[in-house]
Structures are given as C-alpha cells and as structure tokens.
Amino acid sequence: MGDATAFSSMDEFCGSTFWDANETWWTTDPDFTPCFEQTVLVWAPCAFFWLFMLFDFWYLKASLDKNIPWNRLNISKLLINVGLLVVTALDLIMSFVKKGGDSELPLYGVDIWTPIIKLLTFLMVLMFIPLNRKYGVQTSGCQFMFWFLLTIFSIPRCRTEARLHQERGQIIGSQQAEPHDFTWETYQFASFFIFFAFTCLMLILNCFADQLPRQTKYYRGPKEIPELSASFLSRITYSWFDRMALKGYRNPLEEKDLWDLRPQDSCKEVMPTFAHYWNKNVRKNYKRASGGQEPKAQFSNGKVSFENPQSNGRKKGMASIMPPIYRSFGGIFLFGSFFKLITDILTFAQPQVLSLIIGYVEDFAKVPQPEWKGIMYSILLFVLASAQTFILAQYFHRMFIVGLRIRTALINCIYRKALRISNAARKASTVGEIVNLMAVDAQRFMDLTTYLNMLWSAPLQIALALYFLWQQLGPSVLAGLAVMIIMIPLNGFIASRIKTYQIRQMKYKDERVKLMNEVLSGIKVLKLYAWEPSFEKQVLDIRDKEIATLRATAYLNASTSFLWSCAPFLVSLVTFATYLLSNEANQLSVEKVFVSLALFDIMKLPLTIIPMLTVDIAETQVSVQRINKFLNSEELDPNNVQHDASKPHPMSIENGHFSWGDEDEMTLKNINMQVPKNNLVAIVGTVGSGKSSVIQALLGEMEKISGTVNTVGKMAYVPQQAWIQNATVRDNILFGKPYDRKRYNKVIDACALRTDIEILSAGDLTEVGEKGINLSGGQKQRISLARAVYHNADLYLLDDPLSAVDSHVGKHIFEEVIGPKGMLAKKTRVLVTHGITFLPQTDKIYVMKMGEISENGTYAELLKNRGAFADFLMQHLQEGEEEEEELNQIKRQLSQTDPALVAPFEKAILLARTESLSDSISVTSADSLMGGSLRRRGKRQDSYDSNASAASLKKKQEVEGKLIETEKSQTGGVDFAVYKHYIKSVGIFLSVATLVLNFVFQAFQIGSNLWLTQWSNDKAVEHDTGLRNMYLGVYGAFGFGQGVFAYIAVVIVYCGGLKAAKTLHNQLLNQVMRGSICRFFDITPLGRILNSFSADMDVIDEELPATMDSFMTFIFMVLATIVVISISTPIFLAVIVPIGFIYYFAQRFYVATSRQLMRLESVSRSPIYSHFGETVTGVSTIRAYTVQDRFIEESDNKVDKNQVCKYPSLIANRWLAVRLEMVGNLIILFASLFAVLGGQTNPGLVGLSVSYALQVTQTLNWLVRMSSDIETNIVSVERIKEYGETKQEAAWELEEDKKKPKNWPEDGRVEFKDFQVRYREGLELVLRGVSFNISGGQKVGIVGRTGAGKSSLTLALFRIIESAGGKILIDGIDIATMGLHMLRSRLTIIPQDPVLFSGSLRSNLDPFEVKTDDEIWKALELSHLKAFAKSLTAGLNHEISEGGENLSVGQRQLVCLARALLRKTKVLVLDEATAAVDLETDDLIQKTIRSEFRECTVLTIAHRLNTILDSDKVIVLDKGQITEFDAPSALLADPKSAFFSMAKDANLV
C-alpha cells in the first residue's frame, strides 16, 4: 500500500503515471514512463554528484600543486557547461511561459523542480572547473562518474522522445485530424537532444586529464610517473601503465627506465606527518619532570625531528608506534576499507543474479519469456563483475600505498633512532638484530596491511552468506557451517605441526649453511689435507635430516590440501543431506543447488583466511613490541660534553668518572686532563688501561657519571678499528666534503696512500667492499686518517692510527701529518699510541694505568720520575717490537735525557735484536692464495707491495669485477633447458603421475557437479526416496574420490620436488667440493657460493614444489571450466580463441615486466639494510664528525629508490588483475549470454556453466601469478645448473694409484725439473723454470722477498696449482700421474694460518676416525697440548667453536702441529707463520719438528733466518727463479750472496 501512495503522489507531481509494470516489465518491448525518465533518471546522477562531491573538496585540499594554465580542454569544458546551464535555464523559463496560467497545458512540479536540480548541479560542476585549475587537480573521478551516469540514464528518454517525434510526424502527416499545437513537445524534443549532445561531449572531455600545473611543490620532470597526470578513466583501468609494460616486454627493464616516485609517497612527505604524531604521542606518554621544560628533539633534519622518549620525563608507559601510524595513515586506509565494503556487497549480488538466470531458463522451458530479460540478466552479471574488478583493484592499490608508507616511516624512524642510541642500549642487541628490525619487522607491516580489512570483512562475508543460504535451505545450513567450523581447528592443528617441522628444518638448514661456510672458508686447508670426503659426508648427513623433515612437511601440506578440496564438497554434501533427510517435503531444485554452491564458494576464502590472519597479527604484534623497545631505548645524553668557549683549553676533562653504561662498572676514574690549543698530547699505557676510553669520553660516547668534559671546535676522529664505508676510496676520504684537488693530493701523499691508490684497479675510484674487505688493515687505517686530515677540523682525536702500519710508513705519517712539522701542526690533537719512538716529539704525555692517569708530563719529566712510564718503555723494548734504527734512536734519546737509564735498556735492546726479522716487508705469503684479501699479520705489515703482486692484484680485481657483473645480469626469460634439467631431476615417472592424477581429480570434480545437475533436473526423485538416496550416495562417492586423488596428487608433486632438491643439492656440493682453488674459489666470492647453498636451495626445497602444485591445480581448473561451459553451450568454443589470445598477451607482458621489476626491487632493497648496518657499526665516527643529517638523507634516498622499484611492481600486479579479470568477466558474459540465447532448456547445465564461469576470474588471476612465480623460482635451478660448469681440479682417485707402492714415498726425494707454474690462464708465470734436487731426509730452507714465489713452490708440490711446464718427482714418480688424494694424503703441511673447524678436538685431528685414542694422545703430548687437553672436561670431545675462536692462536698452531704428527709422512712442508705467534710456541714447534721429523724431508718457508741457519740447504728465490742453492754456511761465507745481505739485515753476521 505504501508503494501505491508513493507512486500516486509522484503521479500528481508529474501529471502522468510514474510507474507502469505492464509497460516496463511484462512486455516484449520494455520502456519507462516519461515521468520516471524525467525524475528518477535525472535525479539519481545529481544525487550521486552531491554525495561524492566531498571527495573532490578533499582532493583540492590535499593537492601539492597549483595553477594549471588555461587550455583547450578546460576552456571547452567551461563553454559546454555554460551551454548546459543556458539550455536548462531555458527549460525552466519555457515551462513558465508555455504551461500553467492561461495556456491549456497545466504546470506540474516536475517542470519546475527537475530544471532547478539540474541548474544547481551544473553550477556546482562549473565552480569546480576554475577551482581544480587553481589547485592543480588534473582529473576528477566524481565528475567523470556523474557525466557517465547522466549519459547512460538519458538513453531511455532518447528512445522515448524519438518515438514521440515519429508519432507526432504521423499525426501531422495524416490529414483527417484537427490541427494540434505541438510547440511545447517540439521544444522539449529539441532542448533534450541539445542537452544530450552536450552531456555526451562532457563525458568525452572528462575522459582526458588536464595539463601539468605550473607551480609544483616538488620538481616534476620528464621521468615523472604518468599516474600523476593520468585521467580518472586511465587510473581505473591502469592504462597509464601500458607504456612500462610494453617497454618491459620489448627489453628487460633497467633502473633508468623507471619513473620518479610519487611525491606523496616520498620520505619528505611521509616523515613530517609521522614525526608530528609520534612526538605528540611521546609527550602524552612521558610526563614532564617537575619544573623541567619540554624536551625538544635532538636532531632536526629539514622538518623532521623525533622526540626522545627517554628524556628525563617519568614514564607512563612505552611510547608505541601504533597511534602515530593510525593517525598518519588511517585516512587512506579507511577510504580503502570503504571500497572493500562495496565489493563485499557486490559479491553477494552475483548468486542472486545467477538464481534469476536459472529461473529464467526454467520458466523458458514452460512458458517462453521475452528474450530481453535474459540478455539483461547476463549484462547485469557482467556489470556487477566488472564493477567489482575495478573497485577491488583500487582497494588493493590503496592498501599497498598505506603499506609502503608505513614501511617508509618505520625504516626512517628506526634509522634516526640508531644514530642517537646510547652505547649500553646498542650493546643489548647485535647489529644483525637491529638491522632485522628494519628488514623483517617493518616489512611485516607492509605484508599485513593488505589483509587487515579481512578482520571485519571475513565475518561480514560469512554472515551474509549464511543469511542468503538460510533463505535457500533453512536451518540445514547450520550443519554445513558446523563442518566448516570443525575444519578450522583441524587446519590450525596441521598448521602448528607444519610450524614445528619448519623450525626444525630451519635449524638443520642453519647448521648446514654454517658448516658450508666453514668448509668454503677453509677449503684450501681441506684440499691440502685431502679431507674433503669427510666434510662432504657431514654436509650430506645434515642434508638427509633436512630432507626427512621436508618430507614430513610435504605429507602435512598434502593433508591441508586434502581438507581444502574436501571442505567445500563435504559442506555441500552435509547441508544437502540434512536438508533432504530432515523433511520429506524438501526437494532440491536447480536454483537451490547452484545458488547454494555459489554461496558456499564465497564462504571458503574468509574461513581459511581467518586462522592465517590471526597468526599474522600475532607475529606483527611481536614486531610492534620489538620496534617499540628499540625506539624507547636510551639515547646518548647530549650533555655528556659541554661546548663552553670560555674555558681556557679547547679540550679538557675535570674529575671525570665514566662508565660504558653499566652503572656499577667504572671504566675511568678521576680523569683530569687539559689539551692546550695547537698542542700534541699523547696517551700511552699497556693494553686495556683505558686509553681508547678517554678518547670516547671526549667524544661523549661514554656515560658520564660525574665531572665535566668540554670541547670547543669541530671534531675529527680516527678510530682504532678503521670504519670504511662501502663506497669509492675517494668518497671515503672526502666523507661528504667537496673535492678540492690540491688539498686532496696533499693529504694522500702525507698519508702515504699514493702507491696503494696506484695499485688499485680503478685508482681512488675503486669501490671498497663492505667493511673494507678488499683493503689491508694498514690501508684502511690510512684512509681513515686521510679522512680526518681532509676534514680540516679544529680538534683531532687519533686512536692509535699507527698500529696497523709498518714502521717506516708510520714514521712518514708521523712526520708528515701528526708531528710538529706535519699537516696538523696547527691543530689541537690527542694521540693514543704504542710507538714509543714518537713520544719525545709530543708536548705532553699522559700515562694510563687501570683506568686512571698514573702520571703526566713531558717526555723528559716522565723519564726522570722513573715511574710507570719507564716500566712501560722497558716492557715495550723487551717485546722486540722495534726495528733496528728505532732501537738506536731510542738509545740516543735516552742518553740525552738520562744516561743512568741506558744500561738496563741496553739489555732489553739486545734481546729485541736477536729476534729481528729477515723479511721485514712481509705480507703473508699466502696472500695471493687467500683471494687477494691481503690478510696481513702483526705489526709489520707493509703497504708497498712488490710490483709482481701489484700487477696480479690489478688483474685479479678486473677479473673479479667482471665476475660480479655476470651474476647481476640475469635478464629475460629462462631457457627451456633449465626446465628440462628440473624435470629430469624430478624423474619422468613422477612428472607424468602428477599430470595424470590432477586430471583424474578434476574429472571427479566435474563428474560430481554434472551428477548434481542430473539429480536436480530429475523430477522422479520427488516421490522416490530410494532414488534420492542413490543420488546422494553416488554424490558422496564422487566427493570421496576427489579427496583421495587430491591427496595423492599433492604428495606426488612434493615428493618429486624433494627428489629434485636432493639431486640438485648433491650435484652442487659435488661440483663445489671438486672446484679448483685458483680457477674457481679465488675468483668467486664465497658469499655467492653460500647464497646458492642457502637461498637458492631454500627456493628449490620449499617454494618450487608448492608453486608447481598450485600451478597444476589452477591450470586444470581453467581447463575444467572451459570443458564445462562448452558442454552446456558448445558455441562458447568460438569465443575461447580470441579470449585466449588476449589472456596470453596480458600474461606475457606482465611476466616480462614484473619479473624484471622484482629483480630491480630486490637489488635496490639490500643497500637500505647494508647502509643501515654500516651506520650502526660506524655510529661513533658519524657522531664525532656530526654528519648525522647527511646519513639520514642518504638513508631516505635509498628508501625512496627502493620505492621507485617497488611501486611499479605493485601497479603491475593491479594492471594485470584488471586486464585478466576483465577477460574473466567476458567469459562470464558469454557463458551466460549463450546459455540464455541458445534456447538452452536444461536449467541445471546453465547453472553449472555460469557458476563455473563465476569462479574463473580468480583462477585465471592465480594462474598467471603462479606461472610468473615458477619463472622467478626456476632461476635458482638455473644458477645451480651453472655451477656444473665450474673449473674442476684433477680426479681425486685414479685406477693407477692402486699399482703404485703402498708406502710411497719411502725416501722422500724431491726433485723439481725446469718447473713452471701460473695461478690461472692469462696470468704471468709465478715460477719460471725452477730446478733443484733434494735427497731424502734433508732439511731445506726456502727464503726470498715477498712475491718471490715461495708459497707457490709448496702449492705446486700439492698440485693446488697445476704445472705449466716441467715436472715434480717425488721418489722418482711424477706427481702429475696420480690422483690428488693419493698425493696429498702422503705429504704433510703445517700451514701458515692455523685453520680449525667447529666440532670436537678429535675430529679436528682425525676427521676420518682412523686413529686410536692412544695415537692421538701421543701426538698431543709431542705437540705440548696434552696438559691443556687433560684439563678440559670433555677431553678429546672438547667442542671447538667456529674458526677455533675458543683457543688461543698459539694453541691453534699447536693443533696443526699435532695433525702433522699424526700423519707422519716422509715429506713435511712447513710454512712458517709470518708474525711469530709468540716466541715460546715457536720454539716448541721448532724443537718438536727437529726431534720427531729427523728422518723426513722438511721444506721450510722461512721468514726468520735464524730458524733455518742449521738446515742442510737453503734455496734463495727471487722473482720466481732460484738465484742461490747451497748450504747456509757456504752462502754466508760469500759476502756477495743475497743470503748474506739478508742475514746482515737481520744482524746475524
């Protein structure tokens, strides 16, 4: 009744009928009444505009730009709009003129109100044109939608007006009628069509965006992202992304092809908002201390300053990051949520339309219906699906933006905090953990934002589904729901089991990678000892455990998938069964069946997401706590150091007590020191006396407990451990200062860096690896010093900068830089030093002892005191640290100051002399082997490498450069060969089985659905319960078959995947273990090999099988859909071909672009974290130079750069989704159209084909994702396959070995015949024709300067490097003719660097477990380790940590000796440690070797001549040739010999 009254009042308003069902619905020629057309169809678009206008105002407010120039587009919009206003105004005037009053036409409400509403709306639109222009808004969605709706809704009236016009023409044409006055109707006809034309034009104009604004807040260059100036239409369809997709399809994308970041997402825009809310939150959380003023932020950077939660306020609780996140990003998030709500509602409209279509077909079978209804339903279904596609894309887009911004805010917030965190707080967590906050925790937020709305959306979807299902099936629905709910804990239980297995598997994986890391780091030693098989077995054992765990996980995964495929089926089975059995009257109709199935399908997703979501939220909760803890941790107190310029001296500490943040432990007590202007003050003292701590106190890095510290002026600081950035050498020295060539060159010469820079491959533009990996200690130290000198500060804090450099370099640096005549002579400087030579030239010396200053004064004063300083000098001399000339210099200085002291010092000097070195410029002779990392030992490292090694280093770096490039450039598709390799690894049987099983599974699924159709169409069931039960039973059987095959299919896929993983891992391990040292390990960074063992294996273990599984499922699902639709409407096959083409192209474009974008994104992501890690390690240097702002900016830029790569890849996803879902929507449209038009009379088949079509969009979408995932993941297989081509060394075992004598070599004769060798093809020879003969049992010393080829000689003996000419005979057998293991296991070497592996002491001595305990104890006794081993609780099973960290260096050396004693072969090679480990150990080793290896041939590479003076022969090598070969006594007798001059240098003659 209410409807009727409403209609009648509308009838009065119009003066004609408002709604006539017979005219509109129950007819073959539907039409609306003129009244409806002039009211509802006009008012609706206007109402839409007024409702959504608010958004347009918001965009005006949020716009960053201003002032768009007038142009054709906005002027034509303006003119047409004015035209519309004129037409509408005319309508209003004409209705007053032509109607009402005297005229016979009455005036109705509609004639007045409709024009007025139109007038107001057009005025509003008109207002927006100049407003948008002024505020730089280039397009408006609200206006586009308004014109679009207005145009669409005007179409029915078009038809009406045209028909009326025709009728009028006929009336006028027919003669008999009396003359009519048609002026009003004719006017309406004309005015409407002008209005309609203008509306269409406005719609077309609104498809384009306006020009670029003139004033922009940020520079908008040629590379700006097209989205900013894209029109609304282009934004909805993402067609602005087409260019990128096309470009990426043609050539692999590179960084230069990417667009700039949208200003709204950049740090400059995100940070100030976030900081503003964070600071508010901090103030709220920390009450101000009474009377204290508001703490301001400590560092401001542009507009961004973060407040310190710790500053002296009393805590009310931790300041959390959540409120600021809600406040900063909540707006967009809610806007996105609104979209989500709309799509959820639209989702439920689809099953309703489906039921209409089924109803239509059912009725059609009885009473033919007008065809337009069927077409309308199909189009309605298509429109609903399309609307959902576009809105969902916008929703995801919004969520991604929020996620990105939250990540940006968190990363930058964490970075800024890390620069201010106090040392105590920093020690609480490792650098790795702090970096993880950024890498893992901030990332987690981003992943969560997309799903967060499911918290309300999932329950809403479930509730709606239940409501509609209740309408269909009544209370029986609850049975189905019960099944679903039981599934949840089941799934949860399986998930938790999977989790425990994953944790276990991670543990194994970590163990395996750790072991691999050790193996790869110590590979040279393994090869020298021929121990590879033992370690290979260890790795494989761990791997087997790992595979077993993975297999268990696979079965669990299969059972989840079993539940998944059974769940929807079980639910429908239980529901239908309950429905039928609960009441005889209940029957299944087609409509009920398919609508219910569609609704169950909708419920499936939210039900599975809820448990996943809870886990994700819990994990994010943990992340929030971790980030909060870090952001609330203590900061350095800026008041630790005052800057009071009125104090007399630029640096002073008065009564200072300091600690490293542990309140109880005082590191420094009553420190008083003054550093007068331009003075050089030295701090000396024994190790651990607190010298460096004083420097840290001056920097304000230590907690000040009491006293005052004061510094005035700019600081420069050289830390003890040089902190080098991953940048070029030049950038490291400039450190953000502008480049001034003259000054720069002066600094480089003063710091003795000139020669080093010449050696480097690209001069001072050579990139320094992370942590300065490709520089020696001395080089790093000098670069760090050069940075300070170049910085030109006022105050210099030098923390032992001369420790890592050679004495003569040190002297040069002191004279040129630090000393009274150096570059810093006019600066105030504090120098911590061990070098006693320089002390006389300092202005004042402070002597530290146990954290206190024990005495101070000038050099002369301190010597007179005979206190701690004199002891310090004595101790230093006895350690034998100084060079000959220095000893004399000290002696001279002593005799000048205090002659009485000379006698005791003479004694110390004598001691020091005898141990001086022959080889004063020594780089570990293995440096060429240790990957060129020039590991230098001890204090006597030198930077001036001999030319030979410089050249080889240069070559090496060029080669390394090239190698690293090839790694990066994996572009384009993956070869089919790689897939073939993978399928081979899986095995043909399993591969075929997978296909067959998936096929059978789908067949069962289609079968069960066809059976349902058959059942619901069968009218006989209503009266025959037996028939009904038969249908039910068969349906159940189909379902059971489905489940079983689903389970087996998944198990097979996973088993195949694991089989492949096992094969690939074993191949990889095999290849790497047999890799040649010089031709493979030296030129491949360890990190890259390790990466293959960890990351790539991880992908092959876990991701590939899962991806393959999903891929199979989806591909068969798509096929099933096509089959089903084609069964019901065969004509559909005609449409499939063009649709397939569209799909294929979208997919190709997407995969090419997206894959490359993902690669770029991951490449640009790691610099954020490595830069952060670098910052955390070098934070004290950064603070000392006060360059925090520069580092913050660098970090911001790196984050922005990552977003530049990330954003397009997210858009690529949306771009694809919109394209593919439209393809899916077309499938829906055609499936339903053909079903309706084809005169299909079987409603069941129609329902089936349409409901399959409804599912297809998601499936298609996933299919593309999966295929691109497979392409991404298969790259790992490609990499591992590439290792198959590595350079291998010769065979380990040969058949001929068995014929050789068992106890070879018996005598130990070693003979070199014209032997030549080079490290790799293309490098120069290191040994150039060496010939000599050593008879069994002789002791031979090999000496020569660095780079003369001493180490190469021993490596050649072990065939680590293969001969390039000539041969080596041992006992007359050419070593090139035997297997490597036979050769290497019969020789023994005591290497230079003692390498130990983690494991028991026993496994380090005897990895193959072939020796008895007694033998091992005997060896330990001889190597003087027995007492130590006895003292250990575990004895021989004592666990040695990675690299032998828990033994001292001396003990490690002795373990290596014990290894040699255990093997006891005829030939022993002794590579002496460069820096004496300590004299005691050294003597022990020498004694043992003399006694135990009396009968053996011993080759010693000597660095100290006194150790080989008693040998039988000496070989003197120079530049790869033997210059002298004779008994030492003979050579010493000849003053012209090189050996003699060496001995003279060492003061032995």
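Each residue's number is its place along the chain shown, starting with 1.
Each residue, glycine too, has its Cβ placed from N, Cα and C.
Bear in mind that TrEMBL entries carry predicted annotations, made automatically and left uncurated.
As annotated by TrEMBL, compositional bias 'Polar residues' applies to 298-312.
Marked as domain 'ABC transmembrane type-1' by TrEMBL: 334-619 (among others).
Among the features that TrEMBL reports, domain 'ABC transporter' is placed at 651-875 (among others).
Marked as domain 'ABC transmembrane type-1' by TrEMBL: 992-1272 (among others).
Per-residue pLDDT, averaged over the domain 'ABC transporter' (1310-1544), rounds to 84. Per TrEMBL, domain 'ABC transporter' is recorded for 1310-1544 (among others).
Here TrEMBL flags 292-312 as region 'Disordered'.
The feature transmembrane segment is assigned by TrEMBL to 78-97 (among others). Long-range contacts of the transmembrane segment (78-97) within the same chain, counting only residues at least 6 positions beyond its ends with a Cβ under 8 Å from a Cβ of the stretch, are 107, 111-112, 115-116, 118-119, 122-123, 125-126, 129, 184, 187, 191, 194-195, 198-199, 201-202, 205.
If you look at the transmembrane segment (136-155), the same-chain residues 6 or more away from its ends with a CB under 8 A from one of its CBs are 41-42, 44-46, 48-49, 52-53, 55-56, 59-60, 63-68, 121, 125, 128, 195-196, 199-200, 202-203, 206-207, 209-213, 215-216, 228-233, 235-236. Taken from TrEMBL, the feature transmembrane segment covers 136-155 (among others).
What TrEMBL records for 189-209 (among others) is transmembrane segment.
Annotated transmembrane segment per TrEMBL: 324-342 (among others), in sequence order.
Per TrEMBL, the feature transmembrane segment maps to 375-396 (among others).
For the transmembrane segment (451-470), the residues of the chain that approach it from at least six positions outside its boundaries are 333, 336-337, 340-341, 344-345, 347-348, 351-352, 395, 399, 477, 480-481, 575, 595-596, 599-600, 602-603, 605-607, 609-610, 612-613, 616-617, judged by C-beta separation under 8 angstroms. As annotated by TrEMBL, transmembrane segment applies to 451-470 (among others).
Under the heading transmembrane segment, TrEMBL lists 476-494 (among others).
Marked as transmembrane segment by TrEMBL: 562-581 (among others).
Feature annotation from TrEMBL assigns transmembrane segment to 988-1012 (among others). Beyond the transmembrane segment (988-1012), the same-chain residues lying 6 or more positions past its ends with a Cβ under 8 Å from any Cβ of the stretch are 565, 569, 593, 597, 1031, 1034-1035, 1038-1039, 1041-1042, 1045-1046, 1048-1049, 1052-1053, 1055-1056, 1059, 1108, 1112-1113, 1116-1117, 1119-1120, 1123-1124, 1127, 1244, 1248.
For the transmembrane segment (1032-1054), same-chain residues at least 6 beyond its ends with a Cβ under 8 Å from one of its own Cβ atoms are 551, 554-555, 557-559, 561-562, 564-566, 569-570, 573, 576-577, 580, 990, 993-994, 997-998, 1000-1001, 1004-1005, 1007-1008, 1011-1012, 1015, 1105, 1108-1109, 1112. Summarising the annotation, TrEMBL assigns transmembrane segment to 1032-1054 (among others).
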Mind checking which residues reach the transmembrane segment (189-209)? Cβ under 8 Å, same chain, six or more beyond either end.
73, 76-77, 80-81, 83-84, 87-88, 90-91, 94, 138-140, 143-144, 147-148, 150-151, 154, 157-158, 161, 164-165, 229-234
So if I exclude everything within five residues of the ends of the transmembrane segment (1216-1238), which remaining residues of that chain have a CB under 8 angstroms from its CBs? That is, six or more out.
236-238, 357, 360-361, 371, 374-375, 377-379, 381-382, 385-386, 389-390, 392-393, 396, 1121, 1125, 1128-1129, 1131-1132, 1135, 1139, 1142-1143, 1146-1147, 1150, 1154, 1245-1246, 1249-1250, 1252-1254, 1256-1258, 1260-1261, 1264
